[in-house]
Amino acid sequence: MVNRISILGSTGSIGVQTLDVARNLNIKVDGLAANKNIDLLEKQAREFQPKIVAVKDEERARILRDRLSDTDCKVVGGVEGLKMVASIETVETVVTSIVGIAGLIPTMEAIKHKKNIALANKETLVTAGHIVMSEAARMGVKILPVDSEHSAVFQSLMGNNKKDVAKIILTASGGPFRGRKKEELRNVTLREALNHPNWSMGSKITIDSATMMNKGLEVIEAHWLFEIPQDDIEVLVHPQSIIHSMVEYKDGSIIAQLGSPDMRLPIQFALTYPDRKQNNFSKLDIVKIGSLTFEAPDLEAFPCLGLAFEALRAGGTMPAVLNAANEKAVGLFLQEKIRFLDIPEIIEKVMGRHSVKPDPDIDDIIDVDLWARKIVEEIVK
């Protein structure tokens, strides 16, 4: 179990739940970082008394510095500030829960300083999986998944030989629009899309769940995290969100991890691994649930999942383009500037215009990220 952590993205859904876990386990929080929510960040800093607090927005960092002047917290700003929180000397594990590609640079900084990573920012592996995993191996750093699905796969692989794996089965809730046909999705509202049936999450990931892009990004993440060929990764819709994912072995055995749909469980396991600790979270009552069901995903109604498989197959810079186009399109949908079904159409158009660079470095990934966002703006004009 870790004793000291930093949290990148402490004011978001995962960050808040990580602090709940830290509170329960008496884990010391030495660093906190957020994008711009300084009201919540100030409360967190006063409770946990970290050494360093970072705000990506420089102006808000200045405001928070004044507010926390009566404490010993050092307040820093910008991307450099995030990098400082990622590399605090006393910290053993950095929890990376910043939304989007913004998490890539501070995650790489943490790896450079030999910090283990509790990874909740899937976009880091989606855009730069080949770089991140190879650098983590070189530095002897553990990447422990926080996503419930990848935590489930990680746990289902424990004690088994990876060469015996036949396939990984990622489960998806199906989101708020499960069972609807494409035509029925034409006029869905932002409010409907944000109404997830099982999980409490941030707005971006909730929309990704509604389009099934979240599962697509998780397929790419699983490919890098577990070194599994994409043809050996399957997605099943499991509306109850009780089985978080499964691993099928070559003898036909399937090992699955079950639990309540509570993100604090995979967060806690990433922080206590290889141990398990008592907690006060609600326990799973299987009898009460009664039955578990599964169905194949509808790729016609939810084309984002298929686009993610295509991007992984194309390789190189294509997953970064998929991710950037999706981030931009989801942002526009959250502002109610485009319709729900415009999201996959925009992503497909951007991917269609991209010439893949096969073995990109970080600069290439940042370049294509900016390029893809610009193309989305052109398409939507």
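Placed from the backbone N, Cα and C atoms, the Cβ positions cover glycine too.
Record check, Swiss-Prot: NADPH site residues include Thr11, Gly12, Ser13, Ile14, Lys36, Asn37, Asn121, Glu123, and the candidate from Gly202, Gly216, Gly252 also listed there is Gly202.
Just one of Glu80, Glu218, Glu227 is listed by Swiss-Prot for the same Mn(2+) site as Asp147, Glu149, and that one is Glu218.
His196 is the residue from His196, His354 that Swiss-Prot records in the 1-deoxy-D-xylulose 5-phosphate site together with Lys122, Ser148, Glu149, Ser173, Ser209, Asn214, Lys215, Glu218.
With a cut-off of 8 Å between CB atoms and residues at least 6 apart in sequence, the same chain places Leu119, Ala120, Lys122, Glu218, Glu221, Pro266 near Asp147 (Mn(2+) binding site), listed in sequence order. When the Cα atoms are compared, Lys36 (NADPH binding site) and His196 (1-deoxy-D-xylulose 5-phosphate binding site) turn out to be 25 Å apart. Remark: Gly202 (NADPH binding site) has Gly12, Ser13, Ile14, Val99 as non-local neighbours, by Cβ distance under 8 Å and separation of at least 6 in sequence. Neighbour density at the Cβ, taken as the number of other Cβ atoms within 10 Å, is lowest among the binding-site residues Lys36, Lys122, His196 for Lys36.
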